[in-house]
Structure formats: structure tokens, C-alpha cells
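Undergrad: Mind looking over this structure? Questions follow.
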Amino acid sequence: MCEIGTRPAPAGDRGENPGGAPGLQAAGAAGDKCRDMGEQPIFTTRAHVFQIDPSTKKNWVPASKQAVTVSYFYDSTRNSYRIISVDGAKVIINSTITPNMTFTKTSQKFGQWADSRANTVFGLGFSSEQQLTKFAEKFQEVKEAAKLARDRSQEKIETSSNHSQESGRETPSSTRASSINGTDDEKASHGGSADAHLKSENDKLKIALAQSSSNVKKWETELQTLRESNARLTSALQESAASVEHWKKQFSECKEENDQLRNKIEELEEQCNEINKEKERNAQLNRRLQELESELQDKELELEDLRKQGEIIPQLMTECESVSQKLQAAEKKNRDLEEKVRTLRTDVEESKQRQNSLKTELKNFLDVLDGKIDELHDFRQGLSKLGVDN
């Protein structure tokens, strides 16, 4: 089996061929040496490589900083298959495929398999689901081929062992037949050749048995290693399941907390809407208050005008008294003159009528003034009440 990682792959080999399909040059110098040693690449793709964290057996650790070439190699001398990936001068995957391996798709673009010999779990992240599907199909195909090769090798070993045993059983009988039928020389010659043939067959049988025992020990070791790896993978799977349950529980708690926060946000938004409505109401009340204040100022100006008009009334009363005095003086002076008296009487009656009408008007004016004052008083009380309510 060839050695990987003797020299780094060229920088141009990390990409794809100009034709668009991944090229075999991606394996770099390691792929060239594998081909020299009898291994040939049968499938090549590009992916991000990960390995399971050996301490936690839960988290993935990136084995490459970017997508690297991952290839299937077939060793015709050993009749085995390997997955090889090299990042520069570092070998990140060197996994021999056995019939017991299984490639598992964990998502649309990610897959993994466990290697008991390397005591780790490899993970590959692809750029598309089609690449993952092709890699998984090739893994199954190579796995079946490895199983078929193992079965054939076991059949060959069993056949060679049976053939050696049958040869060992047939050789003494032929020797005995020749020694019975031939002369003493012929018996001696045939006996020597039979012994040599039997010895060679026994040597071959010993070699086959030694190889079989060594293979049995090797398979027992591999079986034990696989059992230990399966036990570790089972424990890792159980830990992963427990971790998944833990994350599910945390997810449900976060979801509930998120729902509560959303409800609180909705309540705060409703409160903000109510506050905005209150602000609009306050703005309307302020505008109404300003209008009422302007109306109050107008009413106060009207009241001031009425007060000024009320100050004229005493002057009118004084004038009325002076007119009455003059009338009396005129009556005294013109008593002797009948015509003048009549005229004066007529004038007096007219002045009385005027005076009465003036008093009536004055009384009406005072009544209107009192009503206006009462309305203004009521308006002030309503305005003060509105200010207290606000």
C-alpha cells in the first residue's frame, strides 16, 4: 500500500479541470505515487473535510480550511479500496473501506462514516446535494466490491486448504500401489519421489495453515477493533441523542421566551397607541382652551365698553334734574302768562314723556347689563371648572 503525504500537491491541482469535471490531478503527488504502487483513482470530487472531536465525540472539527479533493483509490495488488484526501502536505483522510462501514447522510449536503482502524468519524460537506448523492452511491458500490473481494479471498483460502489436504491423503495410496506392483528398484525410486512430493505438499499445507492462522488472528483483531469502535460509536450516538434532546429543550424554552417577549411588545405597542391618543386629546383640549381664552378676552372688552356706557347714566340723571329745575323756574316765571304757561305745560308734558321713555330705556339697558354680567359670571365659572377638569 502506498505512502501518502510525501510531498505537497501543486497549487493548481486544488481546483477543477477546465472542462468542468473534477480532475484526477487534485490528489497531487500523492495520487501519482499511489498509481505507481498499483492504486488507481476510480472517483474524485471536492468537499470540506471534518473529523469528530476525539475528546467530546460530539462536535465536528474542520480538517481543511477549504474544499479539497477527495478520491476513491483501488489497490489491484491487495484488492482493496481506500478514500484518500490530501491538503497540501497533510494527509487528512486515509480510510480503507470495509464491508462493515456505512455512509450516512445527515443533511442535504453533509455525510459521514466511521473508520474503526483510524478510531475516528469522518464528515464531508459538499456544495450541492447531487455531489453528496454521487459520493454516497460510489461508497455503497465500493463497499459491495470490498465485500465481494473478501468473500473471494476466503473461498481461495478454503479451496487451497482442501486441495492440500486431498493431495496429502492421495499420495500414500498411490505410493502403496506402486510398491505392490513394481520391483524393488521401482519400489525404492517410487518411494523416494512419493516422499519428496508428500514433503513438498506438507510444506505447502503448513504455509497455507500458517497464513490461515495469521489471517484468522488478523480478522479476530479487526473484529475486536470493530466491536470496540461500534461500542464507542454507540456511546457517541447516545450522547448525541442526549445532546439533541437538551438542545430541543433549550429551543422550546427559547421559543416560549420569544412568545412572551412578543406578547410584551404587543402590550407596549397598545400602551403607546393609548398614550398617543391621550396626547391628541390633550392637544385638542389645549386648542379649545386657547379658543375659550380668546373668547373670554372678547367678552371682557365688551364688558369694559358696557361699563363705560354705564358711567354716562349719572350725567344723564344730572341733566334731567337740571331740566326739571329750569322747568319749575320757568313755570314760576310764566305763571302769569297763560299762553306761555300752556306752551310750557305742553313742553313739560313732552319732556316728561321723553323722561319716561328715557327711564324706560335706561331700565331696559340696566336689565340687559345685569343679564350680560350674569352670563359673564356663569362663563367664568364654566371656564374655571374646565381648567380644573383638564
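Heads up, the Cβ atoms here are built off N, Cα and C, so glycines get one too.
Grabbed the feature section from TrEMBL, which reads as follows:
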- 202-361: coiled coil (COILED)
- 146-158: compositional bias 'Basic and acidic residues' (COMPBIAS)
- 159-182: compositional bias 'Polar residues' (COMPBIAS)
- 34-146: domain 'WH1' (DOMAIN)
- 1-31: region 'Disordered' (REGION)
- 146-197: region 'Disordered' (REGION)
Undergrad: Report, as numbers and ranges, which residues of the same chain sit near the compositional bias 'Basic and acidic residues' (146-158): CB under 8 Å and 6 or more residues beyond its ends.
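TA: Distal contacts: 79-81, 97-99, 208, 211-212, 215.
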Undergrad: What are the DSSP helix/strand/coil residue counts across the compositional bias 'Basic and acidic residues' (146-158)?
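TA: DSSP classes over the compositional bias 'Basic and acidic residues' (146-158) add up to 13 helix, 0 strand, 0 coil.
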Undergrad: The domain 'WH1' (34-146): mean pLDDT?
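TA: Result for the domain 'WH1' (34-146): average pLDDT 88.
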